[in-house]
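Reading through the structure tokens given below for one structure.
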């Protein structure tokens, strides 16, 4: 309707994206030689090549360099920064603006791409897609934290190896395209 178009045109941000139900989910992991390996972990193992590097051995913090190449308004940038600050206050992670770092996060904003990232550090540019426009947005505090937790190295909780001890998945209550609940981590990859 005309009212919806006018509201959308003048809205600072669009409606919250339902990132849990977007096509393909919110993790875009490249395929490996053993496709089951990356699907089965709930967090990256201690010696994983996908872990971020420490700032210095003595500080015991992990450095994650980043840039923001997407177009975001000041309020949206403040939400991204607040999410990074929250993680820094509660973890050994430190987000640092990129200098010459080979591996880094790139916060991007592209129409029709939704919210997604990879799990852990890949070589080179690590895209954190946070779509934000006058129709839809991923720039919500909890969504940004959720995506940052993936890029730090955490998978979804429903993939835990011990999930079956506590939860019974009722597949008849799940849309067919969302039935990836058969993937749980192998005991060899458990970090908890």
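Cβ from N, Cα, C; glycine included.
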*Have a look through 156, 158 and flag the one TrEMBL assigns to the Zn(2+) site that 146, 150 belong to.*
156
*Mean per-residue pLDDT computed across the domain 'Peptidase M12A' (42-192)*: 83
*For residue 146 (Zn(2+) binding site), list the number of other Cβ atoms lying within 10 Å of its Cβ atom.*
19
